[in-house]
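Database features, via Swiss-Prot:
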type: BINDING; residues: His80, Gly121, His122, Ser123, Gly153, Ala154, Asn181, Tyr288, Glu370; note: thiamine diphosphate binding site
type: BINDING; residues: Asp152, Asn181; note: Mg(2+) binding site
Amino acid sequence: MSFDISQFPVLAQANTPDELRQLPQAVLPQLADELRGFLLKSVGKSSGHFASGLGTVELTVALHYVYNTPFDRLVWDVGHQAYPHKILTGRREKMHTIRQKGGVHPFPWREESEYDTFSVGHSGTSISAALAMAVAAEKEQAGRKVVAVIGDGAMTGGMVFEAMNHAGDLHNDMLVVLNDNEMSISENVGALNNHLAQLMSGRFYTTIRESSKKVLQGMPVIKEMAKRTEEHLKGMVVPGTLFEELGFNYIGPIDGHDVDALVETMRNMRNLSGPQILHIMTKKGRGYEPAEKDPIGWHAVPKFDPSTFEKPAAKPCDPTFSEVFGKWLCDIAEKDEKVLGITPAMREGSGMVEFSQRFPKQYFDAAIAEQHAVTFGAGFACEGYKPVVAIYSTFLQRGYDQLIHDVALQRLPVLFAIDRGGIVGADGPTHQGAFDLSFMRIVPNMVIMAPSDENECRQMLYTGYCYNDGPTAVRYPRGSATGAKQVETMTAMPIGKGLLKRQGQKIAILNFGTTLASCLVAAEALDATVADMRFVKPLDVELVKELAANHDVLVTVEENAIMGGAGSGVLELLQTLKMPKPVLLIGLPDEFIKHGAPEEITSELGLDAAGIQKQIEDFIA
């Protein structure tokens, strides 16, 4: 499916940055309007991240117009905002395939395009990568420029300031564009600031500034006075003191939707030496009224008709596991004011909106700072509170040292509600929850649970809440639950005990998590025994012994990496018990799982009922 490009006459002339740079500057505002219109139609047909890209249209046009990409390096942070970049870098005709199996990648991806200089998906990485590229450019005397684009939300991450501190020390030429779309840093935007930014980035101002530094080098007292005077003058209209203290020359804030102002300011900044930061103000969802009014709700969207100004009504379905968690948290908080909900900037995705509204004093958004969120929970546990850290599997990776050092080592009762475990789908390898069972299982003092349905999920969350001898984790997938009838009464499960779900012959399937339904279907065809193991750690030793003693073959099934996962734990236990037995491990292979619809990926990897049955039949043949 492609669009009639004749509707976008200027965009039709800019399929690549080289073509874009041939256009007169006077047509750039029209190009931005057409690019926004194309993005609107494209995402409407394909689904995907939406509001962020609408806010970076003018910025993207200006960057590729001023900088000689791909020779000059452009590094995007996270990548939600990079759809306009993909459209302008030769992928326009394939944008309708974005996030689909075999289609355009949802984030900047090195394997996909030479214009994607660094593969991303998690936040806060851009400045570190760009700094290294700037150092490399200087070592090679390549004459190339390096630009990192980062949003104000990502600025809450510690890695960002680690990189900026290092950049200020190394003093290599690089530009950081701070895309501020939440008004969280400054409200000083307008013609005065646009004009001031162009003056401060201009050759005359910077020449005087650098010359004065040299003249005053031998007069430290006067030099310090001049420095403070400049800071106060800039501070009257710009909030750049923090960045200046880190060694950056700060310019802005300017209107990020004024493409001419962006072009002129960036042209000036190309000629500046040392680390620079350009602060721009943008509006997430710019140009589409519903997204401007609700940028969070329109952050990522299903397929929709832009002309209706509405997202399609959700089809009736079972509650998601995230919603099950959110309701459980509210139920517990009603009874215990010491229950605290902590999330690293994933309130909506983790199902915590209602909790945050009903229990604001018990809710904490730690921002995009996963390391802090984990240790924040540990501190509360020290004081007798019941912290619940709601976090995506892929983002818990970023707080792994804190999980070990600050939580498990001290046996602190922090409950981790781990969302998006297993195959996530369209967001691809940066977001698949493939590794959590493996990296948690090796940590002493951890109790790890994997529910097979939403009722087990509630009971396991309650079990973690009641457990006081160390950290617990309940790991569940993205999307709709199974439709199981929920038991309102919550009862703590005995730690490390599984449940036999079907009695069969010769083959025993040990299931971990929501693959249980597929295992039961496969078991019917194979007349196999099925156990819902429930606990990844500690394993149900007696149940494993019984299954091994009474069956010829054991099969473990999990939506996690086979290496180091629950199946590995079963093998280790059998070895300890001196019970050698053929064991088939079914799970995710030793590779990064690409993007696509979850059901497509599940089928391709043999994790649906038919795939499980076939793998077992092949193993015993």
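Glycine is treated like the rest: Cβ placed from N, Cα and C.
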Cβ contacts within 10 Å for Glu370 (thiamine diphosphate binding site), all chains included, total 30
Judged by other C-beta atoms within 10 Å of its C-beta, the most isolated of the binding-site residues His80, His122 is His122
A 10 Å Cα radius around Asp152 (Mg(2+) binding site) captures, of the binding-site residues His80, His122, Asn181, Glu370, exactly Asn181
Reading the DSSP string in three states, the entry for His80 (thiamine diphosphate binding site) is helix
Simplified to three states, DSSP reports Asp152 (Mg(2+) binding site) as coil
Glu370 (thiamine diphosphate binding site) falls, by three-state DSSP, under helix
For Asn181 (thiamine diphosphate binding site), the nonlocal same-chain Cβ neighbours (under 8 Å, six or more residues apart) come out as Ser52, Gly55, Gly151, Asp152, Gly256, Met281, Thr282, Lys283, Lys284, Pro295
Across every protein chain in view, the count of C-beta atoms other than its own within 10 A of the C-beta of Gly153 (thiamine diphosphate binding site) is 21
